[in-house]
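Enquirer: One structure coming up, written as structure tokens, with questions to follow.
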């Protein structure tokens, strides 16, 4: 594959010189398109952690789940719910013939792309919240795009954190990372309690409406990438940016070897976990967590979460719905997967500070999720065509060595 890419680059260099000699313009992104990859940078946004708001929010979530009959799509993506609890990973895309800019959460835990309508109603849920909070990261006005198609279908999605969005299904041109895909289906949301739009890139089987080609599938079908696969590099907790590469992998961003683990679900990006080493204790954790870029914290069943918390001396607080912990957790927590794959994470990644108090970044939930506090220390390649997720220990570097998948 490398030799093919090198040959292609040489041909393109020759072509570029030929075009310049004739006074013609060189097409934008000619090199990127030749390598069949789309590199999309994250913008990292941080908000102070608020334990009181977390507790009130999750208690409200539990009440809503008891009252509502509609099944949730997934556990709420904390960054896209009403309370951001850590770094939020979003990317800028454009929608429409006039390239209306949107900044959307990149979410491996859901599968739908939806954006906020220019006339949307933002559902205010707590005192002091701006009535336009959902429009601050860009909006979409269908009538201003000559390529917009209203499909006349209703869209509704609800997350387990109680947040929800409703609107109408459209097709239009979507631009991301220098690539442009035409007739992409997505939702134009007119009512939402979520902070901003979401770019869901999971399996199509997890979509909120009858199966359609979501963004990664369309990228492949329109020949922009070779396969429905992408690699995720969130970068360090203090970094201002990260990258997702559709159709490619950055071999400079990990140490050791990438090992492919079978995806254990037909509609969610889950892999087999076996044990967790923490503070000299080995905790049995035979479960299949979702590797979810749209969730800040890590979640396990109460049995597993209690054992992890006990190992670091953290105590459950029912009001905050979190474990209170020391602000100075030392050492590492090591996640042991199938095939001998291990990912080591400093326990400092699992400390949430609110004033002088600190909380453990693992909490209880019926859904098992490895969120951003895990993913920042892993380099992950999601191969949805091959039904695998490959993992390796991350390497923080500005160097890059991208190859196609």
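Start at 1 and count along the chain as shown; that gives each residue its number.
Every residue gets a Cβ built from N, Cα and C, even glycine.
Straight out of Swiss-Prot:
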type     : residues : note
SIGNAL   : 1-23     : signal peptide
REGION   : 52-78    : region 'Disordered'
ACT_SITE : 107      : active site
DISULFID : 122-134  : disulfide bond
ACT_SITE : 292      : active site
DISULFID : 327-358  : disulfide bond
Enquirer: Please give me the CB contact count at 10 A for residue 292 (active site), counting all chains in the structure.
Expert: 29
Enquirer: Measuring Cα to Cα, how many Å separate residue 134 (disulfide bond) from residue 358 (disulfide bond)?
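Expert: Between the Cα atoms of residue 134 (disulfide bond) and residue 358 (disulfide bond), the distance comes to 29 Å.
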Enquirer: Quick one: among the disulfide-bonded residues 122, 134, 327, 358, which has the most Cβ atoms sitting within 10 Å of its own Cβ?
Expert: 134
Enquirer: Going by DSSP, give the three-state secondary structure for residue 107 (active site).
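Expert: DSSP assigns residue 107 (active site) to strand.
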Enquirer: Helix, strand or coil by DSSP: which one applies to residue 134 (disulfide bond)?
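Expert: Helix, per DSSP.
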Enquirer: Using a 10 Å radius around its CB, how many other CB atoms surround residue 107 (active site)?
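Expert: Residue 107 (active site): 25 neighbouring Cβ atoms within 10 Å.
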Enquirer: Measuring Cα to Cα, tell me the gap between residue 122 (disulfide bond) and residue 327 (disulfide bond) in whole angstrom.
Expert: 36
Enquirer: Looking at the recorded positions 292, 327, 358, which ones sit with their CA no more than 10 Å from the CA of residue 107 (active site)?
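Expert: Checking each Cα against residue 107 (active site), the hits are 292.
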Enquirer: I'm trying to understand the geometry here, so how far is the Cα atom of residue 292 (active site) from the Cα atom of residue 358 (disulfide bond), in Å to the nearest whole number?
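Expert: Residue 358 (disulfide bond) has its Cα 24 Å from the Cα of residue 292 (active site).
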